[in-house]
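A.B. asks: A single structure is presented below for examination.
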2 protein chains.
Amino acid sequence: MDDKKRKRRRPEPSSDDETRLPFKNRLKPDSIILESLHDLLRTHSASSSNSKTLTLTELSLASTCREVTDLSLPSVQSAIESQILKIAHSILSGHGFSFDVPSRSAANQLYVAELDRIVLKDKTSLRPYANISTVRKSTITTRILQLIHQLCSKNIHVTKRDLFYTDVKLFQDQTQSDSVLDDVSCMLGCTRSSLNVIAAEKGVVVGRLIFSDNGDMIDCTKMGMGGKAIPPNIDRVGDMQSDALFILLVEKDAAYIRLAEDRFYNRFPCIIVTAKGQPDVATRLFLRKMKMELKLPVLALVDSDPYGLKILSVYGCGSKNMSYDSANLTTPDIKWLGIRPSDLDKYKIPEQCRLPMTEQDIKTGKDLLEEDFVKKNPGWVEELTLMVKTKQKAEIQALSTFGFQYLSEVYLPLKLQQRDWL
Amino acid sequence: MDDKKRKRRRPEPSSDDETRLPFKNRLKPDSIILESLHDLLRTHSASSSNSKTLTLTELSLASTCREVTDLSLPSVQSAIESQILKIAHSILSGHGFSFDVPSRSAANQLYVAELDRIVLKDKTSLRPYANISTVRKSTITTRILQLIHQLCSKNIHVTKRDLFYTDVKLFQDQTQSDSVLDDVSCMLGCTRSSLNVIAAEKGVVVGRLIFSDNGDMIDCTKMGMGGKAIPPNIDRVGDMQSDALFILLVEKDAAYIRLAEDRFYNRFPCIIVTAKGQPDVATRLFLRKMKMELKLPVLALVDSDPYGLKILSVYGCGSKNMSYDSANLTTPDIKWLGIRPSDLDKYKIPEQCRLPMTEQDIKTGKDLLEEDFVKKNPGWVEELTLMVKTKQKAEIQALSTFGFQYLSEVYLPLKLQQRDWL
C-alpha cells in the first residue's frame with residue numbers, strides 16, 4: 001500500500017518545466033529583448049521619415065477619388081453656408097433645389113495598394129427636392145445641415161442618437177439620419193469628427209502615454225488596472241508624449257486586463273490599447289493619432305480566426321462604409337504579431353483549446369483571401385491559407401492553458417525577442 | 001414682394017422661449033438648487049447614520065439564509081484547504097467523496113423587504129463523485145477549487161474566460177466553469193471578487209471623485225470627456241474622497257457623454273457613473289462602494305421603459321443569479337429621478353419622440369408590477385402602472401428634441417430644484 005502510494009505521487013512539475021510552459025527556456029534576458037525593440041523603433045522611425053505619406057494627387061487619383069479632411073468649426077460653417085447659397089442661386093436662376101451627393105455604394109469604392117487603404121471614387125448622384133423619390137432625402141439633408149450648423153455655433157458634441165431625436169418626425173428611424181450624416185460629411189469634404197457628431201466610446205488605453213483630454217493631462221501609467229477610457233471626441237485630444245517603443249493593439253478585453261494587471265508596459269515600454277472587440281471610430285482615430293504623432297510601430301494581438309484578421313484590416317485599411325474618411329481613420333503598417341494560425345502548432349496549443357471553424361468562418365476566411373489588403377502581404381496569405389486548410393481557430397485566451405500569465409510572461413516576450421510579426 | 005418677404009421672415013425664437021424649451025423659465029438660480037441638494041445630503045447622512053444596516057441575524061434569518069462576505073486571499077486558501085481536508089476525512093472514514101453545494105435555483109431565492117434585496121435560502125444539494133449524474137460536476141468543482149487556490153497564491157486576477165481555457169477538455173464549455181465558479185463562491189462563503197475572478201470592465205466614472213486604482217491616485221474631475229474606466233477588480237480600489245452632493249447613475253452612454261462634456265458635475269457637485277446599459281458586476285460593486293464610503297444619495301437617470309426600471313432594480317436589489325452575494329452587489333435606496341412615465345406629458349415630450357411599447361415590453365412591465373421591490377414603493381407602482389396603461393416608452397435621448405443640452409441645462413436642474421425623485 002505504501003509502495004503503491006509512492007508510485008502514484010508525482011512531483012509537482014516546476015514552473016520552468018518545458019512541457020508545462022513551452023519555450024519558456026528559450027527566453028533571453030529582458031535587456032536583449034529590449035535591444036531588439038529599440039532596433040524595431042529605429043528602423044520604423046527611419047522608414048517613416050523617409051517615406052512620406054502619398055497623397056491622392058501624387059498618385060494622379062485626385063480627380064477620380066474623393067477624400068475628406070479635418071475642418072475647423074468655422075470652416076464647416078462656411079462650407080454649409082456655401083452649399084445653401086449655391087442652392088439659393090440655383091433656385092433663383094430657375095434650376096431648382098437639388099443636392100449633388102457623393103455615392104457611397106460598393107461600386108464606388110477602390111482599394112489603392114500604394115496607400116494600402118480603401119478610398120471613395122468620385123461618382124455623385126443628384127438629390128432633387130422636386131422629385132417624389134428624393135424629396136424626403138433632400139429634406140433630411142437640409143435639416144441635418146441646419147443641425148450641424150447649430151452644433152458648430154455652440155461648439156458641443158452630440159451622439160448620432162441625439163441627432164436622430166432632434167427630429168424624429170422627419171427622420172423616422174435612426175438609420176436614415178445616420179446615413180445622411182455620412183452623405184453630409186462627403187458633401188462638405190470634412191470628417192465626421194469635424195461635424196461634432198461622435199459615436200459612443202468603447203476603447204481603453206493604458207501604458208506609457210501622456211495626453212490631454214479636453215484640457216486635462218492624463219498619465220496612462222497611472223490609470224491602475226482599469227485604464228483610461230478613450231475619449232469620444234478626438235478633436236479635444238492632444239499633447240501626446242511617450243517613451244514607449246511600440247503600441248500593442250489588443251482585440252479583446254480579457255487579454256488587455258491580463259497585460260494591464262501585470263503592468264506589461266513597464267517591463268517592455270509600450271502603450272496598450274483595445275476597442276474590446278469591433279473597432280469603433282473613436283479607438284481608430286485614437287490609434288492613428290498615436291501612431292502618427294509618436295511615430296511608433298503598431299503590433300496587433302488578435303484571435304486566430306477570420307474575424308481577428310478582419311478587425312486588424314479595419315484598423316489598417318478601413319471599412320467600406322466610411323471609406324470617404326479612410327485617410328483619417330486608418331493606421332498604416334500594422335504588424336500581425338499573434339495569435340497566428342501557425343502559432344497553434346508552434347506553441348503546442350492543445351487540441352482541446354482549439355475550436356473547429358464553422359462553415360461561415362471558413363467562408364469569411366476564403367473571402368478575406370480575395371481581399372487586396374491581404375493579398376499584398378504574402379505572410380498573411382500563408383497564415384490565412386493555413387487557417388482555412390486546418391479549419392481550426394483559437395482565441396488569445398487559449399494560451400491560458402499554460403497558466404494565466406503565459407501570455408504576458410512567455411508568449412509575448414518570446415514573440416518580441418524573435419521579432420516574430422508579419 | 002418686399003412685403004411678402006417681411007411677413008415670412010420670423011424672428012429666431014430666443015432660447016428662453018417657453019414653447020421651445022418647456023419650463024426653462026421655472027428654473028431658479030443655481031444657488032437655490034444647490035441649497036436643496038445640501039438639504040438632501042444632510043437628510044441622507046442623518047438617515048444613513050441612524051439606520052444601521054440590518055443583518056440576517058437581526059432578522060432571525062441567519063439560520064435559513066446564506067450570505068457570502070469578502071475574504072482575504074489567505075482566508076480563501078484556508079477555506080479551500082478545509083473543504084479538501086473534510087473530503088479527505090470523509091473518504092478515509094468510508095463515507096466517500098462528495099461536495100455539499102448551496103442551491104441557486106429560483107425556488108431557493110427570497111426577497112427580504114427589510115433588507116430590500118434578494119437573498120439565497122439555505123437549501124443545499126449533495127454532489128457525490130461516485131454517481132454517474134454528478135461525477136463530472138464534482139470533478140469540475142475540485143478543479144476550480146484547485147485553480148482558485150493557485151490564483152490566491154499568485155495574487156493575480158483572471159477573467160472567467162481565462163479560467164475556462166485552463167482546462168477546456170474538462171469544462172467543455174464556459175457555462176459549465178462559470179456556473180461552478182458561482183457554486184464555489186457560495187460553498188466557501190466568499191464573494192466572487194475574493195476568488196480573484198473578474199468580469200470584463202464596462203463602466204466609466206467622471207466627476208467629483210478621487211480614488212486609488214491599483215495604487216494609482218485617480219482624480220475623476222481631470223478625466224476629460226472620456227472619464228475613467230471602472231476597474232474590474234474592486235479589491236484594489238480604495239481611498240475614496242469626494243465633495244459631491246450626490247451620485248448620478250446614468251443608464252446610457254449618450255447621456256453620460258452629454259453630462260461629461262458639459263461638466264455638469266462642476267455646476268452641481270456630483271459623481272456621474274454609467275455601465276453603458278446592463279449593469280455589470282464591476283460597476284455594481286463600484287457604485288455600492290461609493291455610496292457606502294462617501295454616504296451619498298444615488299439618483300438614477302434611466303430610459304422610461306420597463307428595462308430602465310429593471311436596470312435600476314439590479315443596481316438596487318440584485319439579480320437572482322448572484323443573490324448569494326446581494327449584500328455586496330446592491331446599492332440600497334436608489335432614487336428614480338427620471339425619465340419617468342409621468343415626465344412624458346409633464347415635459348411635453350412630443351408624440352413622435354415617444355415609442356409604442358411592444359407586447360413583450362408590456363408583459364415585462366406587468367411582471368415588474370408583481371415584483372416585491374416595485375410594490376414596496378407606491379410611487380414606482382403608480383409610474384409603472386401609467387406606463388403600462390399609456391403603452392408608451394421614451395429614451396433619455398428623447399429630450400434632445402428641445403435641443404441637445406436640454407438634459408443638462410433644463411431637465412436635470414429642474415428635477416433637482418423640485419426634488420422630483422421617487
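Cβ coordinates come from backbone N, Cα and C, glycine included.
Note: TrEMBL annotation is automatic and uncurated.
According to TrEMBL:
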type	residues	note
REGION	A:1-22	region 'Disordered'
COMPBIAS	A:1-10	compositional bias 'Basic residues'
COMPBIAS	A:11-21	compositional bias 'Basic and acidic residues'
DOMAIN	A:136-197	domain 'Spo11/DNA topoisomerase VI subunit A N-terminal'
ACT_SITE	A:Tyr165	active site, nucleophile
ACT_SITE	A:Tyr165	active site, O-(5'-phospho-DNA)-tyrosine intermediate
DOMAIN	A:201-237	domain 'Type II DNA topoisomerase VI subunit A all-beta'
DOMAIN	A:246-416	domain 'Topoisomerase 6 subunit A/Spo11 TOPRIM'
A.B. asks: Could you put numbers on the helix, strand and coil content of the domain 'Spo11/DNA topoisomerase VI subunit A N-terminal' (A:136-197), residue by residue per DSSP?
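C.D. replies: So the counts come to 47 helix, 4 strand, 11 coil.
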A.B. asks: Please average pLDDT over the domain 'Spo11/DNA topoisomerase VI subunit A N-terminal' (A:136-197) for the predicted structure.
C.D. replies: 90
A.B. asks: Would you mind splitting the domain 'Type II DNA topoisomerase VI subunit A all-beta' (A:201-237) into helix, strand and coil residue counts from DSSP?
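C.D. replies: Its residues fall into 6 helix, 15 strand, 16 coil.
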A.B. asks: Measure from the Cβ of the residue listed as 'active site, nucleophile' and count the other Cβ atoms within 10 Å, all protein chains considered.
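C.D. replies: Its Cβ shell of radius 10 Å holds 27 other Cβ atoms.
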